[in-house]
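Before any comments, here is the structure.
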Amino acid sequence: MRPDHATYFIRMAALVATRATCLRRAVGAVLVNSRRHVLATGYNGVAAGRPHCNHHDMFEPVGYPHACQGATAPSGQKLDECEAIHAEQNALLQCRNVFDIDTCYVTVSPCIHCVKLLLNTSCKRIVTPALYDQRAATLWTDSGRELVIIPDAITQVQMELDI
C-alpha cells in the first residue's frame with residue numbers, strides 16, 4: 001500500500017536515524033520543501049573528526065571507550081556534557097538554503113534548541129510520531145507554526161529495520 005507523504009517522510013527519517021552514533025537515542029530528520037522534495041537529512045552524532053560514542057574498541061575491556069560524558073545520563077540531563085549534534089542541526093547544516101524548508105519530519109519532536117534554530121528558517125511545520133519536549137512544542141506553536149503528531153507512522157518501519 002502506498003503511504004501518504006507524511007508517513008513516507010517519517011519512515012525516511014527513521015531510516016536516516018539508523019546512522020546515528022549516539023548511545024542515548026537514535027534520531028533522524030528530513031527537511032522537505034513545499035514541492036515535497038528532500039532538501040537534506042540528518043541524524044544525531046558527534047561532530048566531524050571526533051570518535052563515535054558507539055564505536056566499540058575490541059581491545060578495550062570495558063564497553064564503549066569513546067563514549068562522551070553525557071552518554072550514560074538519563075534523557076534530557078547532562079546535555080552540556082554530550083558531544084552529539086542533533087539530527088535537526090545536522091540536517092540544517094546540510095541544507096543548501098534554509099529558506100526553502102517547508103516541513104521538518106523528525107523521529108521525535110525537537111528540543112528547545114532545535115526549535116529555536118528551525119524558527120529562524122522558513123519551516124512552517126514539524127511532523128513527528130512522538131512528543132519529546134512540551135516547552136519546545138509550545139514555543140513552536142505559539143510562534144504560529146504547525147506541529148503534527150502521527151503516533152503510528154514509524155511502527156512498521158521500526159519493525160522492518162529492527163530499530
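Cβ from N, Cα, C; glycine included.
Features reported for this protein in TrEMBL:
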type	residues	note
ACT_SITE	Glu88	active site, proton donor
BINDING	His86, Cys111, Cys114	Zn(2+) binding site
DOMAIN	4-147	domain 'CMP/dCMP-type deaminase'
Shell list (Zn(2+); ref centroid = CB of His86, Cys111, Cys114; cutoff 8 A): Ala87, Glu88, Gln89, Pro110, Ile112, His113, Val115, Leu117, Ala136
Sparsest Cβ surroundings (other CB atoms within 10 Å) among the binding-site residues Cys111, Cys114: Cys111
Rounded Cα separation (Å) that holds between Glu88 (active site, proton donor) and Cys114 (Zn(2+) binding site): 6
Residue, out of the recorded positions His86, Glu88, whose Cβ gathers the largest set of other Cβ atoms within 10 Å: Glu88
DSSP state at Cys111 (Zn(2+) binding site), helix/strand/coil: coil
